[in-house]
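Per TrEMBL, the features are as follows:
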- 6-25: transmembrane segment (TRANSMEM)
- 55-76: transmembrane segment (TRANSMEM)
- 88-110: transmembrane segment (TRANSMEM)
- 122-140: transmembrane segment (TRANSMEM)
- 160-179: transmembrane segment (TRANSMEM)
- 191-210: transmembrane segment (TRANSMEM)
Amino acid sequence: MQPKHIAWIVFIIPIIAANGAYLIGRIEGVAFECIPYIHGCTSISRAARLGSAIFLFRGLMMPIAVFLLAFWYLHYHWLRQITGKRPFHVLFSGSIGALFLVLYVDFLGTEGDFYRFMREQGILFYFAFTALAQMFSIHWLHRVSGQLDSYLTRCLNGQALLIIIAWLIAMVQLTVKTLDLSWSGAMENAAAWNVSLLMSLFYAFTALMWQRTGYNWTLNCSRKL
């Protein structure tokens with residue numbers, strides 16, 4: 001297994017976990033029938049904790065937290081080689097986000113106000129710190145964008161576009177929630193589904209960039225930019 005495989009894992013497995021959990025809920029009749037990315041009929045948490053879905057979600061997402069720690073460690077060293085700097089805040093933010101994912105998954109499916117509070121804080125800070133790490137990564141790569149070849153530049157632009165779309169969705173959702181519209185709950189659910197997908201796509205672009213530069217376990221890039 002090479003670093004690019006870890007990037008592909010943290011891209012695809014969360015998507016399988018969330019959507020697989022929803023499909024299990026639909027089969028078992030405990031989830032609403034809709035397209036959650038559009039209709040927002042259920043949250044990711046609700047889809048993941050009802051029926052047998054929780055076993056799939058927990059079984060996939062707990063290991064993903066470990067893979068995310070490995071991903072951000074590897075990404076830190078890759079950025080260090082590409083930029084010539086030490087972007088420690090990328091590693092720090094990404095690692096903190098991964099630890100909050102553990103908190104969220106651990107308390108998923110438990111009952112009570114305290115456990116609900118822990119779930120909410122876990123998922124909130126997971127999204128916040130992960131998004132922060134991704135933005136820091138884009139910032140550092142943008143600073144050396146003139147040294148990147150056209151392929152890497154396209155991947156970087158793709159990552160930047162993902163972040164922009166995610167922030168636009170978040171701002172619209174926050175506005176709707178502030179206005180207390182009748183469909184604000186559905187909007188919040190749909191926003192979470194879409195933002196989580198966009199954040200996962202960031203790792204796919206990273207996998208392509210690592211592959212392009214020949215990134216391997218020696219923590220070196222075999223290809224010159």
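Any Cβ shown, glycine's included, is placed from N, Cα and C.
Automatic, uncurated: that is what TrEMBL annotation is.
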Can you see whether the transmembrane segment (191-210) and the transmembrane segment (6-25) are touching - at least 3 CB pairs under 8 angstroms, only pairs 6 or more apart in sequence? yes
For the transmembrane segment (6-25), the distant same-chain contacts (Cβ-Cβ under 8 Å, at least six residues beyond its ends) come to 31, 36, 42, 44, 47-48, 50-54, 56-57, 60-61, 63-64, 67-68, 70-71, 74, 193, 196-197, 200-201, 203-204, 206-207, 210
